[in-house]
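S.K.: So that we are looking at the same thing, I have put the structure below in structure tokens.
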Amino acid sequence: QPFLLVSDIHCYTLKRSVLGFLPVLSWLPRYSLRDNALGDLTSGISVGIMHLPLGLAYALLAGTPPVYGLYTSFYPTLVYFFFGTSKHISIGPFAVTSLMVGIVTETLAPNSNYMTLNGTNGTAVLDSTALYNDRVRIASSLTVLCGIFQFAMGLLQVGFIATYLSDPLVRGYTTGASIQVVLSQLSNTFGISTLLYTGPLSQIYVSIHIEIHKHYISLPLLLVNFHPSLCPFKLNTCFAKKLPAPIPIELIIIFATIISYYSNLNGLYKVAVVGQIPKGLLAPRNPDISLWGSVAGSAFSLAIVGYAISISLGKTFGLKYGYKVDSNQELIALGLCNTAGGFFQCHFITPSLARSLLQETTGGKTQVTGIVSAVVLLIIILEIGPLFQQLPKAVLACIIYVNMKGMFMQFSDIPALWKSNKVDLMVWLVTLVSVVLLNLDIGLAVSVGFSILTVIFRTQLPRYSILGQVPGTELYLEMDAYEEVKEIPGIIIFRSSTTIYYTNAELYLDALQEKVVCVCVLVIHA
């Protein structure tokens, strides 16, 4: 009998571990076709279609050919189906993390290293094939290392690390990164080639460079970029209550491609287009381990930022719909998504706010939505992709701007935090400014350091008070703030706003003695 009991415990523990590592085994057998299938199918098709323009656009941010954004949207989505615990987040490339990858690829493989002289007229020509091959190799190797970091942290059960990235810090960081994203796309928007700037103030230098060379702005490019982007905005704004759903701005890629093809914008006006989009999937390739030493710091920053965004979105949806998102399992799932994706030449992935909201609002209820969207992507990659070879890159920059709208709405945090918590407002503002001026990796380090300092100062400068009883009730409030509160005879209730530990123990004792003396003096005078 004892042997059977121990055996049952071991079986239960093993089953629980397997189901924890592969959540799909616990929810898929209970999947209800009647309740979930239609919503998941509709949502999966919508999200899959949205992956096309966003994948192409975010690949530009990562410094890789646009088609690799489609691969990045496809492979990790399949992996997350088996290992993820959130029912509503949409895995794939995201603007902020794609830009962080792009900074690494452009730093290690700048355009200047791939310029060759034309033997005919002696002009410099960019060897784009070699450039993009190296950037894909760098991006995929970086992604594998990020995945290893996330997977290791998940196994070590350090999902709690997200608690040290407060909500004001994450929102300030993503807002600052969104400004970086917009600044990074100005060259594509205006058709101006810029020099490579890295490190602190890099995007400021890019903006100055564009201002100096503004007389080179391409008028046809501006017409292609801004004209189609404003129409859906106007329609959505004017007919918001009458439209059953907002008109997706991403659909302009169809019209833009048709206009570009029949107007020959690339040939006549030198408007940069997406270029070759081959059919089919690529074979897996081993990462370049020799690069890991030079990208380890960036990989760790990416792993933390990606996880913070993922767990923030996941827990928001989990709280709304009443299910639990396991923080450690999410780290494992993201780690496996990035590791597997890196072998298939993808760049870093994390959930996207725009896609996740689309998945929720179109009726997605489970992770099956991801499988449906992956099927749609597979069809695009195998058959439809080459139709968009004449799509202007400026239109992709426009799509990036539109999808940053939700991030810029976070500026409304400033008045809200001013009213509720000015220390959190300082964290938000310092994070924003440091990210914009010092770049994404240094900005993250500065913002985390400042956030930790605020925690230290809060423990060193707590609020101390003496509590009294509200007559006729069980309420105890601060005697300094409320005149009706009365002292309990023979008892002094001393309250501190922080926990006592060795760094503030002496301050606590001094405050206690001071408050007690004050109360005694008041009693004597009374």
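Note: Cβ is positioned from N, Cα and C throughout, glycine not excepted.
The domain 'SLC26A/SulP transporter' annotation in TrEMBL covers 39-431. Annotation source TrEMBL lists transmembrane segment at 41-61, 138-165, 243-262, 289-310, 331-350, 370-388, 395-414, 426-457.
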S.K.: Three or more CB pairs closer than 8 Å, sequence separation of 6 or more: does that hold for the transmembrane segment (289-310) against the transmembrane segment (426-457)?
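M.R.: Since 3 or more Cβ pairs under 8 Å link them, the transmembrane segment (289-310) and the transmembrane segment (426-457) do come into contact.
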S.K.: Applying the under-8 angstroms CB criterion, which one of 41-61, 331-350, 426-457 scores highest with the transmembrane segment (138-165)?
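M.R.: Per the Cβ count, the answer is 331-350.
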S.K.: Mean pLDDT, the domain 'SLC26A/SulP transporter' (39-431)?
M.R.: 85
